[in-house]
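> Handing you this structure, nothing more for now.
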Amino acid sequence: MKALLTLEDGFSLYGKSFTGAFETGGEVIFTTAMTGYQEVLTDPSYCGQMVCMTWPLIGNYGVSAEDMESDRVHLRALLVKECCKQPSNWRSESSLPEFLQRFDTPGMEGIDTRALTRHLRMHGAMCGCISTKELNPHVLRERALALPPMQGQNLVPFVAPQHPYAWRNGKPAKTQFSANGKYLWQGAGLRLIVYDFGLKWNILRQLVVAGFEPLIVPPGFSVDAAKASGAQAVFLSNGPGDPATLTEGIVAIRMLIKIFPVTGICLGHQLIGHALGGDTDKLRFGHHGCNHPVQDLATGRIEISSQNHGFHVVLRDAPDVEATHVNLNDQTIEGLRHTTLPVMSVQYHPEAAAGPHDGRYLFARFHEMISAAISA
Amino acid sequence: MEARILNFGMANDMTSSNAELGIILREAKEYGFSDRQLAQMWKRPDSDIRRLRKAMDIAPTYYLVDTCAAEFEAYTPYYYSTYESGKELVPDTTRKVLILGGGPNRIGQGIEFDYCCCHASFALRDSGITAIMVNSNPETVSTDYDTSDRLYFEPLTFEDVMNIVEQERPEGVIVQFGGQTPLNLSVPLMRAGVNILGTSPDAIDRAEDRERFQAVIHKLNLLQPPNGMATDIDQALEVAQHISYPVVARPSYVLGGRAMSVVYDEEELNVYFAEHVPNKPDYPILIDKFLEHAIEIDVDTLSDGKDVYLAGIMEHIEEAGIHSGDSACVLPLQSVSADHVERIAFQAKVLARELKVRGLMNIQFAIKDDELYILEVNPRASRTVPFVSKATGVPLPYLATQIMLGKTLDELDPWSMRRGGFTCVKEVVLPFHRFPGVDILLGPEMHSTGEVMGMGSNFAEAFLKSQLGAGQILPQCGKIFLSVNDRDKPFLPEVGTMFSELGFELLATKGTAAVLTEHALKVKTARKVYEGCPNIVDMLINHEVALVVNTASGKHTARDSRAIRRTALTYNVPYCTTIAGAKATATAIGARRDTVHVESLQEYYARETQG
């Protein structure tokens, strides 16, 4: 079925649908990751975005239940050069088109993804529409122009959970609290409250490996409730949208920092930045891929990281904060910590999924910082 | 996809007004089907597909090669073709020349052409012309990002080159620096209206086409080894009978000496035909007289169409019959008489003028019984061009490019650049170590995968250095094992004497030993493999032998002595498989070690100018 992609500035590419009829819109971004399309699809951070994979052949190894990063597909649409309809892999449980159709997500192929990427690189990420029904670029462009820009959008409510949950045997599980709000910890490690703004499951898997027992809570979980739960530390997850819109969360974090050791990844890192007096800016076309070089300023070591963020922290007026990691492509901040309090976070994804495992040491570093803070 | 294309061809009208055709044609091109493949599938001439594509505006666009999917702006001017929507090539209106490279390196087509293409690019850039390289081999220097102004990573085919020409509109295309691959494109490109710089495609064709070349030879009153063609064994036997054995047989459709063989009698010719002749009447077998024990001469010339500069006359160390790419050679000449040199120079000049060569040309001669035979003429840069350039200090491809741009030899004056006063040996590097089980005998089929150059104040020093460079560590003393075939036996005493005088103990199989003893040489007899233990192979394994001289020609003898050569290779015993090679080796061993020293090319050049 013929399909059209039109960006808000009029840039258009014809292709075809591999998931049936559709019409949708959102911010168009590209990711340079060569594999990991299933992780991209199920990563809640992509909520509201149409993602172009720069790697030309997508879907070769199918999809598998083990590679889910949440329980569903979050992005608006997947844009590829060519979708492989007959996957070949022993782990594969279904094909990419079937998977997208199950979650009612459009997939478009046959477009010049390199031309699209170049356009976004030169003109910045912007909104766009895809349609199988409206094939007139002028009409579709009007629809793209009517879409809200990513800046100023709070997308957390679309992906965050309503209730607390636990993580057992690699799956979400029910939780039990006593009458006074104390959570029944299993005693499986450091007691950690994980605020879920659109969490990737691999973060939980890695936290467990590092020796934490996570209790996952919704963004509205109050500071008092956190205190009452009996937790020893707080972790702030990744998530979609513009961090500056989460004003309530930023206020809560300012309080949490006074009570708990706090760590965070991605959106969590941006919120910590805000809470400590910093700010966030939109990147031109974002960092989305598996090959971003990051330097750990403490050790000088360079790691290749998995990244997915459209905003970044700027420390204009935050005297108590120092950068711990920096992106070597554009020198933006990739990690920070408080100079006196047990607070640290990273912008990139040490849990990878998909991507290199260079950054996994950070979970141990989180554990180390929290253990030291508790025993002090 | 392939089935869809095939079916479409059967069911549809192949005209540019057919919209369905446009869709499938574009899709086929996106999937990478070449015009030629489509032409074969649709049973139409190649040119039809190109015409249809043009009529339907289906042409590739050129994208930049970068390291991360266009995420970052790329500054290296590498391009590849793709049937896509964007446009990344910025058109310009500078003076431009396209250089066609050699494509993938393979045996017979190596780095020599890379050298030539680099120098062509330098010459163009120094003349203020945009140098555009076309080559599909990223492993070469000519495809480095800073060698040319723009680089296209594209196959060297008519379709791909024409697509680039239509994009770039260069003032000319250089075909003579990339070996045979681009040379073969010269006529089709010319017919498509492309300006070929240098020697005209017609002249190239006159040298390449067998019949047209014979006419040239005849016209100029030159000599070729007797030859003929055959499509079946009966005809072949007749031709071979007529020109007399031994003969060289080779299929007409292969290059680089593949499936080429020296045949000594009827029986061998029968075997050859049984092994090599497919039922292809279009491709006859070429049969040439094999000139045994002839001296082979390689000549590289530079010409502007009128004047001719004889860049290098090289003498092969191995005799004719060993593929020229596998033979060591020396410059200046060692054993060729002044009269022969004069005749070689004269014939080379006559040929260059007749073919109106503008640029480089290579001629292979053979001297046998005072006759000068022309074996081959290639109106292009040959594999010896880098060697000659370095051995004489004259940058041949650089000057050839300037000639193509309109300069004359008179203006360039290569004669004044020429350096001398030293001897240079080009030796080949053979890859036998990497191919267990392969026989190491040299023959008309090329085997070498590299070459080294040795420079010295005399032949012995230069040859010694070349052997060291090629990985043969020559011994100073010890036992030398000799085993030669009957044809080489007359030359045996001379070789035996040379080694004996150097203090080597001679060791030989019965037959060879008898010949040596006859000539009053002291020799020990070694057992052949089937004569029991300990035999020569055991001695090789026990490191009792310092050097092996083992020659064989003809399939049968070759098989008998194969175990010896394989063992020598496996146990790193230096070896010679030709009499000429053995003589040169003896000379090198005799070189006074204390006078051998290492100097740079610049030092050699400088010393000569001072002297």
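Numbers here mean position along the shown chain, with the first residue as 1.
Every residue, even glycine, has its Cβ placed from backbone N, Cα and C.
Per TrEMBL, the features are:
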- A:1-131: domain 'Carbamoyl-phosphate synthase small subunit N-terminal' (DOMAIN)
- A:1-190: region 'CPSase' (REGION)
- A:Ser45, A:Gly239, A:Gly241, A:Leu267, A:Gln270, A:Asn308, A:Gly310, A:Phe311: L-glutamine binding site (BINDING)
- A:Cys266: active site, nucleophile (ACT_SITE)
- A:His349: active site (ACT_SITE)
- A:Glu351: active site (ACT_SITE)
> Reported in the order helix, strand, coil, what are the DSSP residue counts of the domain 'Carbamoyl-phosphate synthase small subunit N-terminal' (A:1-131)?
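Output for the domain 'Carbamoyl-phosphate synthase small subunit N-terminal' (A:1-131) reads 30 helix, 44 strand, 57 coil.
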> Among the binding-site residues A:Ser45, A:Gln270, A:Gly310, A:Phe311, report those whose Cα falls within 10 Å of that of A:His349 (active site); none is a fine answer.
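Qualifying among A:Ser45, A:Gln270, A:Gly310, A:Phe311: none.
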> Find, for the listed binding-site residues A:Gly239, A:Gly241, A:Gly310, the residue with the lowest Cβ contact count at a 10 Å cut-off, counting only other Cβ atoms.
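Candidates: the binding-site residues A:Gly239, A:Gly241, A:Gly310. Fewest Cβ atoms within 10 Å: A:Gly310.
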> Report the residues of the chain - excluding A:Ser45, A:Gly239, A:Gly241, A:Leu267, A:Gln270, A:Asn308, A:Gly310, A:Phe311 - with C-beta within 8 Å of the mean position of the site's C-beta atoms, for the recorded L-glutamine site, in sequence order.
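Going along the sequence, the neighbours appear as A:Asn238, A:Pro240, A:Asp242, A:Pro243, A:Cys266, A:His309.
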> In Å, how large is the greatest distance between any two Cα atoms among A:Ser45, A:Gly239, A:Gly241, A:Leu267, A:Gln270, A:Asn308, A:Gly310, A:Phe311, the listed binders of L-glutamine?
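This binding site's residues have a maximal Cα-Cα distance of 13 Å.
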> What is the separation, in Å, between the Cα atoms of A:Ser45 (L-glutamine binding site) and A:Cys266 (active site, nucleophile)?
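Answer for this pair: 9 Å between alpha carbons.
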> What does DSSP say about A:Glu351 (active site): helix, strand or coil?
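DSSP call for A:Glu351 (active site): coil, neither helix nor strand.
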> What three-state class does DSSP give A:Phe311 (L-glutamine binding site)?
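In the DSSP reduction, A:Phe311 (L-glutamine binding site) maps to strand.
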> Where does A:Cys266 (active site, nucleophile) sit in DSSP terms: helix, strand, or coil?
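DSSP call for A:Cys266 (active site, nucleophile): coil, neither helix nor strand.
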> Measure from the Cβ of A:Cys266 (active site, nucleophile) and count the other Cβ atoms within 10 Å, all protein chains considered.
30
